[in-house]
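Student: My questions will all concern the structure given below.
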Amino acid sequence: MLRNVRLCVLCAVAAAVLFLLFTAAPSHAADKPVSFINDVAPILKENCFACHDAKKRSGKYDMTTIEKMLAGGSDGEPITPGKPAESDFFTLMVTKDDRRMPPRDKGEAVPKDKAEVVRKWIAEGAKIDAGLDAKVDLVKELRVRWKPPVPPAKYKFPSIVNALAFTPDGKQLVVGGHHELTVWDIADAKLAKRVYTRAERAYGLAFLKDGKLAVAGGRPGQEGDVRIYDLSAKPEETRDGVAILDGVSDPAVMLKQLLDADDSVLCLAASADGKYLAAGGCDRAVRIWDISEGITKAKLEQTVENHADWVLGVALSADGKYLLTAGRDKTAKVWDLKAKESVLTFPEHQNVVYGVAVKPDASVGYSVGADRQLRTWKPTGEGKQIKNAGGHNDEVFKVIAHPSQPLLLTASADKSVRSWDTEKLSNLKTFQGLTDFVYALAVSADGKQVAAGSYDGEVRVWNIADATLVKAFNASPGFGAKAAETPKK
Ligand code: HEC
């Protein structure tokens, strides 16, 4: 668990650094009137909504719509326009007594400059921006209004690689960057395309049968999405030989949004028969779409809420009958998509389960987790464990079942990727050279190569058969002077 906490701390620090890097601080001209939606609502979202939303309603007070925020809770209207000193809404933020909001034992005080924005807004008459519907959900409204930043031409810091995928022809790698996907020619480690995205990070990538790319991702704690992109669409422009595609607003690039969620979508899988797409994440739910009639006609088939915490991994059996999931709740689970019922829970990891995979004929489930183990088990009946294997020296984040050979591939915080014999569960090869936690793993469509990406932005491609290095590079555009590494012949 400790390691898990460390992961989150690392992510938070990285997010904070990136935030400072890429977001210009909004400048409040002292004479400019305060806008409720642009200036005040974000402060409420950050400091108040956790307890004063429609679900919790602490003090019988829901402030997630303007109408309800103004009406107040059991003590009545908390805002007296023009009189901040008589408005509980403001005085509770800055009071020195025990009634402070957020409650002293539950959270930090609202930063002084933020409380000042709220004071000024009430002093100016607590005006609501013209055209804003008093009944609209403020969290949704803030999301609609949020505009993603344009990724930097050159990264000052490496971007964590949370996901990557080989293009169907095996010649390129798609890598999740900061508010973009980067596409690299493997032969010369050259950046070929940048596809700007609304999502800050991509956590799951899957090429569909028609060559389109499904991407799950989000902005931690803010929003999550599943979107379909056409990487072969006409670029907006070409800069220094790199094609720039606008996946934020060009409908020829971003073909369809399948999901709009309140927090990150962390994993994604397409069934081998091309009929289904599944995605899960921080809202604990896994959604399954029927995409058999093409992505424009994608239908949400069902929403499975089977885990008590974040869903970290999904896999679909080749026939689309079973859904396997990995959870932060320390279990792997199997769901019958036809009967729409839970089949079993596999509890043996007794720690966070990060990844799952399934044998093509659906006769064996595979899972990896914070216990550093790779485990194989029966995905039917009582879910009995068949075997487990240690070997990785730290948490294991990903597992992939090879598409044609009896082998598994795993990626770990111990900076390595390993291949395993499916039956004996013996460690066949260890793929080395990455220098940080390995979060992302992918196998080429022809089954010959494996690619992995790590926390420090490094990406490596190896031959699966003999673990020889094909290419190594950093996938953060313009970062570092280190040239791509190709093994000497
Ligand atoms: C960690 C939970 C939590 C957070 C965060 C929080 N509150 Fe509260 N709030 C409460 C609880 C619990 C009550 C009811 C207890 C009470 O009335 O003393 C309450 C009551 C109130 C009331 C009185 C409502 C009524 O009519 O009784 C106001 C006004 C209020 N909060 C404003 C805020 C504001 C503004 C923020 C953000 C700056 C905020 N709260 C953040 C938990 C929270």
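Just so you know, glycine gets a Cβ as well, placed from its N, Cα and C.
Sharing the record's features from TrEMBL:
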type	residues	note
DOMAIN	48-105	domain 'Cytochrome C Planctomycete-type'
REPEAT	258-299	repeat 'WD'
REPEAT	304-345	repeat 'WD'
REPEAT	346-378	repeat 'WD'
REPEAT	389-430	repeat 'WD'
REPEAT	431-472	repeat 'WD'
SIGNAL	1-29	signal peptide
Student: Counting each residue once, how many in the repeat 'WD' (346-378) are helix, strand and coil under DSSP?
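Tutor: Per-class counts: 0 helix, 16 strand, 17 coil.
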Student: Using a Cβ cut-off of under 8 Å, list the residues of the same chain at least 6 residues beyond the repeat 'WD' (258-299) that approach it.
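Tutor: Answer is 139, 143, 201, 203-210, 212, 214-228, 305-320, 323, 325-326, 335, 337, 360, 403.
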Student: Under 8 Å between C-beta atoms and at least six residues away from its ends: which parts of the chain pack against the repeat 'WD' (431-472)?
Tutor: 7, 10, 155, 158-166, 168-170, 173, 175-176, 184, 186-187, 189, 205, 394, 397-398, 400, 402-405, 407, 409-413, 415-419, 479, 484-487
Student: Are there residues at least 6 beyond the ends of the repeat 'WD' (304-345) whose Cβ is under 8 Å from a Cβ of it, and what are they?
Tutor: 4, 266-273, 275-276, 278-282, 284-288, 351-358, 360-362, 365, 367, 369, 377, 379-383, 398-399
